[in-house]
Amino acid sequence: MTYVVTDECVKCKYTDCVEVCPVDCFYEGEFMLVINPDECIDCGVCVPDCPIDAIKPESPELIEWVERAKDFIENHGWKNITKKKCALPGADKFKDEKDKFNKYIIKKT
């Protein structure tokens, strides 16, 4: 099992979670973060540090997010992130929007 970053992170990219991760398993794209499922130790330390509740435990309904994370890291060159950065501009405006992955990531690729 692993933890996954979900749709809530898109266009917000708060990075509070990355500094508490004991194994540095977060990776960064232009609009969101992902957790490398091969590196995550399932400790859950990052969950309470996400201000928008974007980090969830792996479950059957979230398996597509695990696969997306692997794809972004392996095939799109997303880089490891270990230090907190400022959230994306306008993050507060986007934090409650739904279906952001399809609107901003799928549309862009």
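Glycine is no exception: its Cβ is also placed from the backbone N, Cα and C atoms.
The domain '4Fe-4S ferredoxin-type 1' annotation in Swiss-Prot covers 2-30 and rests on sequence analysis. The [3Fe-4S] cluster binding site feature in Swiss-Prot is assigned to Cys9, Cys17, Cys50; the stated evidence is similarity to another entry. Among the features that Swiss-Prot reports, [4Fe-4S] cluster binding site is placed at Cys21, Cys40, Cys43, Cys46. According to Swiss-Prot, the domain '4Fe-4S ferredoxin-type 2' annotation covers 31-60, on the basis of sequence analysis.
Feature annotations (Swiss-Prot) mapped to structure.
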| residue | record | DSSP class |
| --- | --- | --- |
| Cys9 | [3Fe-4S] cluster binding site | helix |
| Cys17 | [3Fe-4S] cluster binding site | coil |
| Cys40 | [4Fe-4S] cluster binding site | coil |
| Cys46 | [4Fe-4S] cluster binding site | coil |
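Looking at Cys9, Cys21, Cys43, Cys46, the binding-site residues in this record, the fewest other C-beta atoms within 10 angstroms of the C-beta turn up around Cys43. Within the chain, the domain '4Fe-4S ferredoxin-type 2' (31-60) has long-range Cβ neighbours (under 8 A, six or more residues past its boundaries) at 1-25, 66, 68-70, 72-73, 78, 81, 88, 95, 101, 104-105, 108. Long-range Cβ proximity for Cys17 ([3Fe-4S] cluster binding site), meaning a same-chain Cβ under 8 A and a gap of 6 or more residues, is found for Phe26, Leu33, Cys46, Val47, Asp49, Cys50, Ile55. Cβ atoms within 8 Å of the centroid of the Cβ atoms of Cys9, Cys17, Cys50 (the [3Fe-4S] cluster site) belong to the same-chain residues Val5, Glu8, Tyr14, Thr15, Asp16, Leu33, Cys46, Asp49, Pro51, Ile52, Ala54, Ile55, site residues excluded. Cys9 ([3Fe-4S] cluster binding site) sits 17 Å from Cys21 ([4Fe-4S] cluster binding site), counting Cα to Cα. For Cys40 ([4Fe-4S] cluster binding site), applying a Cβ distance below 8 Å and a minimum sequence separation of six or more within one chain yields Thr2, Tyr3, Val23, Cys25. Note on the domain '4Fe-4S ferredoxin-type 2' (31-60): its mean pLDDT in the predicted model is 98.
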